[in-house]
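Below is one structure; the comments refer to it alone.
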Amino acid sequence: MSKRIFNLYVMNIFLSGLPYYFVTMLLLKYLGFSFTEIASLSVITELCGAVFDIPLSVISSKFGYKKILVTSNFLLILALSCLLFGKSNIIYISTISFGLSESLSSGVLNAYNFEIIDDEVVYKSFLKYLNTVKYVFIAIITIISPYLLNRNYSYPIIISIVFVVLSQLNLIGLPEIRNTLNNNQKIFSIDNVKDIPWNLILLGVAFSTLIMISNSYAGIFLNEQGLSLDMLGIVLFMFNISMALGSYLKIKFEISLMIPILAIFMFFQTNLFIQIITFLLMRILNSSYNNHFYSKFNMSIEKNRAVLWSAYNLFISISFMVADFLAGAFADNFSIKSNYLIFGIQALFCLGFYLFLNRGERF
């Protein structure tokens with residue numbers, strides 16, 4: 001393994017496994033914030049990310065992906081450091097910094113990974129092993145994060161800062177990537193809209209929304225079905241391990257597209273054991289789908305890769321905000337299971353439209 005690929009692995013793995021991400025709600029409650037205040041802070045972060053996502057990705061095409069990612073990491077360190085001051089007005093600096101950091105890195109990181117490697121076959125192999133290790137790492141961090149928070153609220157924050165610093169050090173060892181343009185070529189224009197892979201964006205938004213809702217409600221759903229909290233921790237660990245397994249296995253793209261069918265099946269299932277098995281299968285297919293989708297999306301873009309990834313992430317953010325609201329209403333007025341049926345049907349419909357647009361083409 002070359003030093004460049006090793007640095008790329010380490011940078012991505014540490015950045016994905018910050019303990020803070022897995023105890024955010026618990027940590028903010030510990031600091032004295034109400035659920036309303038936490039929701040308000042979350043909205044500020046999401047709005048900052050959505051508003052600045054595309055403009056900052058356009059800037060990255062001019063100034064270089066690496067510089068943007070370095071800046072994003074510094075903002076992330078600032079955001080985490082502000083949390084060490086507890087409940088104060090400094091939390092708003094933290095919230096805005098989280099949003100700006102996310103908007104800087106969301107489209108750029110995917111584009112940077114692909115363009116550093118610059119080979120489709122090597123990139124697919126890179127994603128396979130990266131996500132396998134990453135999901136195992138996340139599974140371990142998921143277990144120890146509540147323990148760290150229970151010992152001292154600052155521990156998850158400090159370790160998260162250390163992880164970002166380690167990621168930053170490996171990023172510094174990587175080369176710069178710029179979007180090369182002709183003198184008369186704009187970074188992004190209306191003409192570029194025709195180059196956007198709308199069929200993949202439709203599929204990606206629908207599937208990502210279903211997966212987000214499924215993952216968000218899985219724990220409380222299984223608890224309502226009779227699974228104890230002690231056993232729930234073990235099951236959630238198994239979910240992350242199954243993600244690693246799915247990333248490693250050579251599952252065809254068309255097989256990974258069965259996620260909506262499993263979600264709909266979940267609605268009609270009452271046996272707890274079969275429900276857990278179904279969730280595990282969904283996680284396995286989820287990680288395989290992610291690998292295929294990232295590769296297909298990158299290969300379908302010839303120019304402005306970071307900008308188009310940011311456009312995709314903007315659609316994802318809008319979909320998530322709407323889906324969160326609707327899922328809460330469905331859960332309150334019907335049942336949590338209804339979310340799996342409704343969002344499963346929606347994703348299945350979008351899958352059918354995607355297959356219709358791509359009829360005659362190979363997966």
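These residue numbers are counts, starting from 1, taken along the chain as shown.
Every residue gets a Cβ built from N, Cα and C, even glycine.
Summarising the annotation, TrEMBL assigns transmembrane segment to 12-32 (among others). Counting same-chain residues at least six beyond the ends of the transmembrane segment (12-32), those with a Cβ under 8 angstroms from any Cβ of the stretch are 38, 41, 73, 80, 83, 86-87, 109, 113, 130, 133-134, 137-138, 141-142, 144-146, 148-149, 153, 155-157, 159-160, 163-164, 166-167, 170.
Summarising the annotation, TrEMBL assigns transmembrane segment to 38-56 (among others).
Annotation comment: TrEMBL describes 68-86 (among others) as transmembrane segment.
Sequence-distant contacts of the transmembrane segment (132-149) (same chain, at least 6 residues past either end, Cβ-Cβ under 8 Å): 9, 12-13, 16-19, 22-23, 26-27, 30, 155-156, 159, 233, 236-237, 240-241, 243-245, 247-248, 287. Taken from TrEMBL, the feature transmembrane segment covers 132-149 (among others).
Look at TrEMBL and you will find 155-175 (among others) tagged as transmembrane segment.
Per TrEMBL, transmembrane segment is recorded for 196-219 (among others).
For 231-249 (among others), the entry in TrEMBL reads transmembrane segment. For the transmembrane segment (231-249), the residues of the chain that approach it from at least six positions outside its boundaries are 127-129, 131-136, 138-139, 142-143, 218-219, 222-223, 276, 279-281, 283-288, 290-291, judged by C-beta separation under 8 angstroms.
Under the heading transmembrane segment, TrEMBL lists 261-286 (among others).
If you look up TrEMBL, you'll see 306-327 (among others) marked as transmembrane segment.
The annotation transmembrane segment is assigned in TrEMBL to 339-357 (among others).
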Folded-back contacts onto the transmembrane segment (339-357), same chain, C-beta under 8 angstroms, at least six residues removed: 199-200, 202-203, 205-207, 209-210, 213-214, 217, 257, 259-264, 266-267, 323, 326-327, 330-331
